[in-house]
Amino acid sequence: SGAGATLAMLAAAWALLAAAFLAALLLLRRGPAPRPGGVGLLISGLFQDLVRYGKTKRGRGQLPGWLRLLQVPKRWFTHFYVVSVLWNGFLLISLFQAEFLGKSLPSWIQDMHHALGRDSQSKDVGNEHFSALLVLLLVWLHSSRRLAECLWTSVFSSGVIHIVQYCFGLGYYIAVGSTVLCQVPTNVRNGKKLSVQICWYHIIGVVMYIWASLHQHRCLVILANLRKSRSGKVLSLSHSVPFGDWFESISCPHYFAELLIYISMAITLGIHNVTWWCVVMYVFFNQALAAVLCHEFYQKNFSSYPKHRKAFIPLVF
């Protein structure tokens with residue numbers, strides 16, 4: 001069907017992004033060092049500039065001045081979550097009204113669904129509608145918590161990110177919510193209110209989501225406290241070795257928790273949703289790349305760094 005083909009294309013797009021980050025990870029780990037001078041060095045510098053950010057960007061090769069102008073402060077990460085809270089909050093309210101109050105989705109969303117072939121369905125899939133609504137709520141809650149942490153918990157240094165990374169991050173959070181919304185057609189309910197049926201995978205997914213979110217918050221608090229006094233005053237912007245919670249096993253537990261959060265959403269959608277598993281695959285390689293860079297930074301800059309720690313997944317990677 002047209003709807004099935006469209007969802008396959010959406011899944012393929014996420015899989016393509018995942019493949020791009022996998023390729024970047026492999027190039028970073030196994031790519032040969034470029035010869036001094038020439039085009040190879042420039043391309044290598046551009047690649048490193050695009051995949052690194054914050055503390056992992058420091059000390060890397062010098063780029064032409066005009067390229068250094070394409071860096072923005074890492075603290076602008078906050079903008080990602082502002083956009084996500086606003087956009088995904090709007091989608092959440094719109095879908096809630098459509099499912100529970102019998103209202104129509106905004107016309108432009110219906111037009112988008114029509115273009116995607118998602119305005120028809122052969123049978124009632126009310127429980128899938130509730131799953132999508134629940135996942136959209138989880139996405140919004142996750143973004144709201146991360147926004148609050150950026151504003152009141154995290155202590156950002158003078159690190160930078162590339163403008164391409166910044167624009168990609170803004171688009172990513174718009175794409176995530178839109179992907180959830182595209183999992184259900186717009187007119188299947190025909191004016192009927194949504195019948196809620198809580199299933200086992202909803203419970204498992206939400207419990208896992210809460211568990212991973214709590215650990216992510218704890219780890220972000222640990223990182224922030226490395227730069228604060230007991231009273232909460234910022235004392236330094238330098239980097240230190242974190243200890244406690246999942247930091248005892250891996251260098252980047254907040255990245256690992258991010259992966260678990262997206263896996264919990266895949267479970268909440270009913271486990272069988274191929275499109276969302278492609279999103280999970282993208283998150284895996286994206287966070288793995290960032291974790292490897294961070295792990296290498298710790299190993300390079302702290303001679304006493306715990307040798308048993310893995311970069312991303314406890315005991316594995």
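Glycine is treated like the rest: Cβ placed from N, Cα and C.
The feature domain '3-oxo-5-alpha-steroid 4-dehydrogenase C-terminal' is assigned by TrEMBL to 200-317. When pLDDT values are averaged over the domain '3-oxo-5-alpha-steroid 4-dehydrogenase C-terminal' (200-317), the model yields 96.
Annotation comment: TrEMBL describes 6-28 (among others) as transmembrane segment.
Under 8 Å from some Cβ of the transmembrane segment (76-98) lie the Cβ atoms of residues 104-106, 109, 132-133, 136-137, 139-140, 143-144, 146-147, 150-151, 156, 161, 166, 169-170, 172-174, 176-178, 180-181, 186, 189, all in the same chain and six or more residues away from its ends. Sequence annotations record features per position, and here TrEMBL assigns transmembrane segment to 76-98 (among others).
Panel annotation: around the transmembrane segment (150-174), residues 49-50, 53-55, 57-58, 70-81, 83-84, 87-88, 143, 217, 220-221, 223-224, 227-228, 234, 237-239 of the same chain, lying at least six beyond its termini, place a Cβ under 8 Å from a Cβ of the stretch. Feature annotation from TrEMBL assigns transmembrane segment to 150-174 (among others).
TrEMBL lists 194-212 (among others) with the feature transmembrane segment.
Marked as transmembrane segment by TrEMBL: 259-285 (among others). Away from its own ends, the transmembrane segment (259-285) comes close to residues 7-8, 10-12, 14-15, 17-19, 21-22, 25, 128, 131-132, 134-135, 138-139, 142, 176, 179-180, 182-183, 199, 201-202, 204-206, 208-209, 211-213, 216 of its chain (Cβ-Cβ under 8 Å, at least six residues beyond either end).
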Same-chain Cβ contacts of the transmembrane segment (194-212) under 8 Å, 6 or more residues past its ends? 99-100, 126-127, 129-131, 133-134, 138, 257, 260-261, 263-271
Tally of DSSP helical, extended and coil residues in the domain '3-oxo-5-alpha-steroid 4-dehydrogenase C-terminal' (200-317): 74 helix, 4 strand, 40 coil
